[in-house]
């Protein structure tokens, strides 16, 4: 708990964190602007599901994985470069505790950004008005979708976080993050149960009819005939493996 509080305190002062929040707000404002400018008679903005799925895609499909890759690289490489990680390990703190604290920080940041996006979607629906399906049911569906993403995207990104634990520069983890993301996006329809980011789509599509339509549109109109449970199990299995690999990677290194 001490390490988690220390990580949060350190990042609260970070200009990069402020920049990430500003970019998140800008992406959210774009979704809200669409809600104002597109008629409710248009099939692309005739329901609250269209709005919250648009805001969701803006944040989760590209932006959030890149943010996680960048933050994880900084968390490990910068501390190794500045010898701050070495000073922490001099105490009785284990490498497992250090890695766990950093991963929890990434989870908390992701949750914060998704809560911010959810609130923006709700605010946009209230201000722009005209959504006949804006009710407790759709609010609940949106909340479930956003929270699933907040919890699972960092787990799905653990292969990239693993690379960040031993990288000696920014180049490798950032490059692998972009490659990992690109494969997940462009191969989503055929890499479910293989690529964790592709498996996320199989989880999302079962949350609501709007989420299912969002997933189908994102992969060219195809339908993913996969179960939510099998996709979730795959993400957690791969995530657990790379969580263990990351801890072993830290134990093998001399700081």
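Just so you know, the numbers here start at 1 and follow the chain as drawn.
Placed from the backbone N, Cα and C atoms, the Cβ positions cover glycine too.
Automatic, uncurated: that is what TrEMBL annotation is.
Values in this document were obtained by computation on a predicted structure and should not be read as measured data.
According to TrEMBL, the transmembrane segment annotation covers 55-77 (among others).
The feature transmembrane segment is assigned by TrEMBL to 98-131 (among others).
Annotation source TrEMBL lists transmembrane segment at 143-165 (among others). Counting only same-chain residues 6+ beyond the ends of the transmembrane segment (143-165), those with a CB under 8 A from a CB of the stretch are 52, 56, 60, 64-65, 68-69, 72-73, 75-77, 99, 103, 106-107, 110-111, 113-115, 117-118, 172-173, 176-177, 180, 196-197, 199-200, 203-204, 207-208, 211, 232, 235-236, 238-239, 242-243, 245-246, 249-250, 253.
TrEMBL lists 177-204 (among others) with the feature transmembrane segment.
Per TrEMBL, transmembrane segment is recorded for 224-245 (among others). Long-range contacts of the transmembrane segment (224-245) within the same chain, counting only residues at least 6 positions beyond its ends with a Cβ under 8 Å from a Cβ of the stretch, are 103, 152, 155-156, 158-159, 161-162, 189, 192-193, 196, 199-203, 205-206, 215-216.
Within the same chain, residues 3-4, 6-8, 11, 17, 20-21, 24-25, 27-29, 31-32, 35-36, 40, 47-48, 51-52, 55-56, 58-60, 64, 67-68, 71-72, 75-76, 85, 88-89, 139, 142-143, 146-147, 149-151, 153-154, 161, 165, 243, 246-247, 250 sit at least 6 positions outside the transmembrane segment (98-131) and bring their C-beta atoms closer than 8 Å to a C-beta of that stretch. If one looks beyond the transmembrane segment (177-204) by at least 6 residues along the same chain, the residues whose Cβ comes under 8 Å of a Cβ in the stretch are 61-62, 65-66, 68-70, 73, 145, 148-149, 152-153, 155-160, 211, 214-215, 218-220, 222, 224, 226-228, 230-232, 234-235, 238-239.
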